[in-house]
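Participant: Sharing a structure with you now.
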Amino acid sequence: MEMASAFTLNVRLDNIAIITIDVPGEKMNTLKAEFASQVRAIIKQLRENKELRGVVFVSAKPDNFIAGADINMIGNCKTAQEAEALARQDQQLMAEIHALPIPVIAAIHGACLGGGLELALACHGRVCTDDPKTVLSLPEVQLGLLPGSDGTQRLPRLIGVSTALEMILTGKQLRAKQALKLGLVDDVVPHSILLEAAVELAKQDRPSSRPLPVRERILAGPLGRALLFKMVGKKTEHKTQGNYPATERILEVVETGLAQGTSSGYDAEARAFGELVMTPQSQALRSIFFASTEVKKDPGSDAPPAPLNSVGILGGGLMGGGIAYVTACKAGLPVRIKDINPQGINHALKYSWDQLEGKVRRRHLKASERDKQLALISGTTDYRGFAHRDLIIEAVFENLELKQQMVAEVEQNCAAHTIFASNTSSLPIGDIAAHATRPEQVIGLHFFSPVEKMPLVEIIPHAGTSAQTIATTVKLAKKQGKTPIVVRDKAGFYVNRILAPYINEAIRMLTEGERVEHIDAALVKFGFPVGPIQLLDEVGIDTGTKIIPVLEAAYGERFSAPANVVSSILNDDRKGRKNGRGFYLYGQKGRKSKKQVDPAIYPLIGAQGQGRLSAPQVAERCVMLMLNEAVRCVDEQVIRSVRDGDIGAVFGIGFPPFLGGPFRYIDSLGAGEVIAIMQRLATQYGSRFTPCERLVEMGARGESFWKTTATDLQ
């Protein structure tokens, strides 16, 4: 049976050819290798029809033009040569589209990403809708790749090299008006007239390219180009720490095309694409992409979720305000905030106002839409308006008695079906539910700060939580734009449990004489977004260390912080950035203020600040403890699978994405090598480095995590 075509051709009475893109059976249009023959057959028909005046590419999908290439197609390549051949095939196809003698216009609505934007770039003109769903980008770098279908060559010539480099090196998304301003599209119109606007453009001569801004013209010349690539190369190296080879290859390929011409550029692009597909970094980044896609499809349990029409939040502090924002503005659900005083409610409302007003200032949102979203949030100092809320999220202080009181109040003031979700970071959910009359409707829902930026949430059912409560909470998290993982109700859950020994070891090295900035720089070089000491300052030293006694009580001395160090720091009123002094000192400009290490920290903790360890040695000590604890979490079924463990670490604490997560990283090193490193460290520094039993067994059998069956807690 012949597969239905993803590209269909219809010729209008006015001799404009409409090519409709609609991948059968898929929500998103993605480009597959087998589509090349379909497009070539259409191009042949276009060339043979001498009456045609123009061509328009348009999508039949309601919210996307083309969302990029099918990643599975790339993963099926066994060699760099196969991947290079794939790129050359795509390049040839784009060249054939561009070589058509009549105007070819892309009519863009929704996501136009990767290969979709490269197809649009091969057209002679582009029109897009003013809908918020319409975004244009080349995100291949986020998968450890570069655009392989002429994108590195066409984009710099269209919008200028410096602007193009920013897009290609970061995967930055452009909204419609930004794209128009930069010259990436020729017009922005309402969705209702998109096709007609594109047809009108196709009836004219090919759109003439806009003259580039003076700055871009200067940078396109040999001297300007040399200076630009030197500066961008330096900045990129600092940002990536040399851990992402794709960025280096992007710079090389773009510069080759500008210096030696498009033919050399296309050749360099295809070769670089093929080589990057085979790098371990790209394979790890693609594994994270697939894992996160799977997690987003996971319903959490087999039970159907209950309806979600409105949500209540207890506590208007930093977390409560952030949760209210994502619930109203991402999930689109009415939110009622309860706080014991009006100031707390005002704080939460201001939190959402600040987020939305920032979008209005950046022209990402209309003022009317801001007001519409804000209208979903209301506040109260009692339980008025809570009677029919489907789910209540508790975000009050980390105090067990207080949280148990909140459960009792919700059961008294809300409907019988209402779910109680606690945002605790450390308290057992079973204890919070201990006195509940409906314990099956109590669950943990652990957000990370700042709520609007951190993609992960941990969903923590206790032993008596119902399957429907799990499914409903997972459903809410997805509506909020989060990636949820379901974890077992054990001390520290998953993310904080693997993070604590990592931070403890950093503090221990401080007491041994390593310098603050050396420890942080070592872990940034390893691939973390910030070092462990800076992370503690950002979270708040008082907040970040609160969980250590809980973990020590549950799991023993391997979670012990260096004696008296934490108490010495807290007794000196050092909380981190939030009060201007921690391990670092901060200026008065809030989160953007510059920081510098406070030299007084060393005598305070009885350290010299004259280290002897190299950066790799520092990183090794912190990371190995994290890996060991992650393996224990699999063994104890704290996480349902190694997939969830990798996602949790990457999305929750910034474990280097190019390593694929703790379990992918162990597999890449080999369990035997990890065991050998840990045993060496145990001999040097103590029994906390002793490899756990599960890891030793895997090493003996030569097993790897991603080739064994994932465990399931249910």
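Glycine is no exception: its Cβ is also placed from the backbone N, Cα and C atoms.
Note that this is a predicted model, so its numbers are computed, not measured.
Swiss-Prot lists these features:
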REGION    1-190  region 'Enoyl-CoA hydratase'
SITE      Glu118  site 'Important for catalytic activity'
SITE      Glu140  site 'Important for catalytic activity'
REGION    306-714  region '3-hydroxyacyl-CoA dehydrogenase'
Participant: Could you list the residues of the same chain, at least six apart in sequence, whose Cβ is under 8 A from the Cβ of Glu118 (site 'Important for catalytic activity')?
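Facilitator: Long-range Cβ contacts: Asp90, Met94, Leu138, Pro147, Ser149, Asp150, Gly151, Arg154.
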Participant: Long-range neighbours only, meaning 6 or more apart in sequence with Cβ under 8 Å: which ones does Glu140 (site 'Important for catalytic activity') have?
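Facilitator: The answer is Gly68, Gly114, Leu146, Pro147, Gly148, Gly151, Ile168, Gly171, Ala246.
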Participant: Would you identify the secondary structure of Glu140 (site 'Important for catalytic activity') according to DSSP, in three states?
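Facilitator: In three-state terms, Glu140 (site 'Important for catalytic activity') counts as helix.
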Participant: The region 'Enoyl-CoA hydratase' (1-190): mean pLDDT?
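Facilitator: Here the predicted model's pLDDT, averaged over the region 'Enoyl-CoA hydratase' (1-190), is 95.
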